[in-house]
Structure formats: structure tokens, C-alpha cells
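Annotation source Swiss-Prot lists signal peptide at 1-20. What Swiss-Prot records for 88-95 is motif 'Cysteine switch'. Residues annotated as Zn(2+) 2 binding site in Swiss-Prot: Cys90, His217, His221, His227. Annotated Ca(2+) 1 binding site per Swiss-Prot: Asp156, Gly188, Gly190, Asp192, in sequence order. The annotation Zn(2+) 1 binding site is assigned in Swiss-Prot to His166, Asp168, His181, His194. The annotation Ca(2+) 2 binding site is assigned in Swiss-Prot to Asp173, Gly174, Gly176, Thr178, Asp196, Glu199 on the grounds of similarity to another entry. The active site annotation in Swiss-Prot covers Glu218.
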Amino acid sequence: MAAMRLTLFRIVCLLPGCLALPLSQEAGEVTALQWEQAQNYLRKFYLHDSKTKKATSAVDKLREMQKFFGLPETGKLSPRVMEIMQKPRCGVPDVAEFSLMPNSPKWHSRTVTYRIVSYTTDLPRFLVDQIVKRALRMWSMQIPLNFKRVSWGTADIIIGFARGDHGDNFPFDGPGNTLGHAFAPGPGLGGDAHFDKDEYWTDGEDSGVNFLFVATHELGHSLGLGHSSVPSSVMYPTYQGDHSEDFSLTKDDIAGIQKLYGKRNKL
């Protein structure tokens, strides 16, 4: 169980002392409910320093969040801060720039297997299969890794849709908010990518959540990437609503993944 918790990059601190000092708000523009939502957001996505074992000020964590998103580092809640906090996003905590996951975990085999074990009812199964294949190809075009799908048994990356508590200690929260999460490369749950079944998943339509975009993001985590602070990056933590069919990895995404695996030789 301990290993399971440490595998996911989204290790959430739930201890009451994690956010030791209360947040303040600018000009009374934030409601009590939003104040509570902000505290919960910082507990989830901006973790305390486990090495020093010191209680972390909520103000410091808010400044860290403001720095990540390119906002003035006031340490105070504002409507702009709340707007970002309320956007749909990935369930993995934020780091900085194109960053890698702690200890830079990666796959050491040149062939990585994957298996899709459950589906959304919003899209035909064959289309989900095609989208996952396309998302993985975006990454494999940049690095010397190949992906092989298996239909049964074990696989390096297990992909599926689930709702609520789905057995990994990180339950989904219904429509909106957390869209999915993924585990760093490794044994057991390592590499697995989960998507919230309660979202309305689409294939690039004007409404709903673009599955290709979110799948590409989560599978980036499955390969070892953390979040990027570059808004145009696929690895940016909040959902950008990019519905275009021809979106691609940015220079930031490519730099991150090639730092882990090197470049694919072009013939």
C-alpha cells in the first residue's frame, strides 16, 4: 500500500498542519466557500516539504502557485487566482517548467506495452483505441521508444476510465475539476493512466473534454514528465480546451521528453 501511494506523482498531503497559516483575500472579493476551495486546492497540488518535515505556510504555497502560473506573488487570494483554481485540470501536483518527476523515473525497455481495460460510453471503443494510439505516437515520434498494445494479461501501462473511488487511493470527483491522473514509470501501478468516467469525453467537438488532448497529457506523466508552467504546453496542468484536431507537442514538451529518453533517429 505504501508503495502504491509513492508511485503516483499526485501524493496529496491531508494533515491539518500542512497549511499552517490562513490565507488572506484581496478587497473581500473571495467568498468563504471559495476560501475553503483554495485551501483544498493548495493541499492537493502544492505539497509540503517532506524532507524538512516543517509545516508549510498556506501563504507560501499560494505564492508558489502564483509563481507557477505567472501571477503577481502576493500570497493573497484574488478573483484571478480563483479562476485558475476552478478550471478543470490534471490530478498530478504542479512542479515547474517542463520538469521531470522526482528521481526522473523512466522506462528502460525500448518497447513499452499498454492495455486498455475500460472505456467511456461517450465514444465508440474503436475511437478510444485510435485516440490512445495517436497520443502515444506523438511522444514516440520524438524519442526512441515504441509502444505495443496487448489485449490481455499484464502491460507496462494500464489505461482505463473509472469514477469515484477506483482502487488507487485517489478517487475522482465527478464532472469538472480533476479530469484524470497518471502514475510515474515503474512496477505495479507505475505508468497507469486513469480518466474520470463522469466527464463528457469527445473527439474534438466544441463541447465536452477533448480526449486526445487529455490522453496525450496523462501519457506524458506515464512516461515520466511532470507539469510545465508554459501555458501552450501539453503538460500544462489546467485543461486549455484545445479542440483542434492538429494540435501537437510544443518545444517545451519535446525538450522534457528528450531529456529523459534522448532523440529518435530520423531516417
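Placement of Cβ uses the backbone N, Cα and C atoms for every residue, glycine included.
Bear in mind that the values here come from a model prediction, so they are computed numbers and not experimental data.
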Which of Gly176, Gly190, all binding-site residues, has a Cβ with the fewest other Cβ atoms inside 10 Å: Gly176
Neighbour count (Cβ, 10 Å) for Asp192 (Ca(2+) 1 binding site): 26
Proximal residue to Asp156 (Ca(2+) 1 binding site) among binding-site residues Gly174, His181, Asp196, His221 (C-alpha distance): His221
For the motif 'Cysteine switch' (88-95), residues assigned helix / strand / coil by DSSP: 0 helix, 2 strand, 6 coil
Candidates Asp168, Gly174, His181, His194, Asp196 (binding-site residues) - the one closest to His227 (Zn(2+) 2 binding site) by CA: His181
Inter-residue Cα distance where the pair is Cys90 (Zn(2+) 2 binding site) and Gly188 (Ca(2+) 1 binding site), in Å: 21
Count of other CB atoms lying within 10 Å of the CB belonging to Asp196 (Ca(2+) 2 binding site): 27
From Asp168, Asp173, Gly174, Thr178, His181, Gly190, the binding-site residues whose CA lies within 10 Å of that of Cys90 (Zn(2+) 2 binding site): Thr178, His181
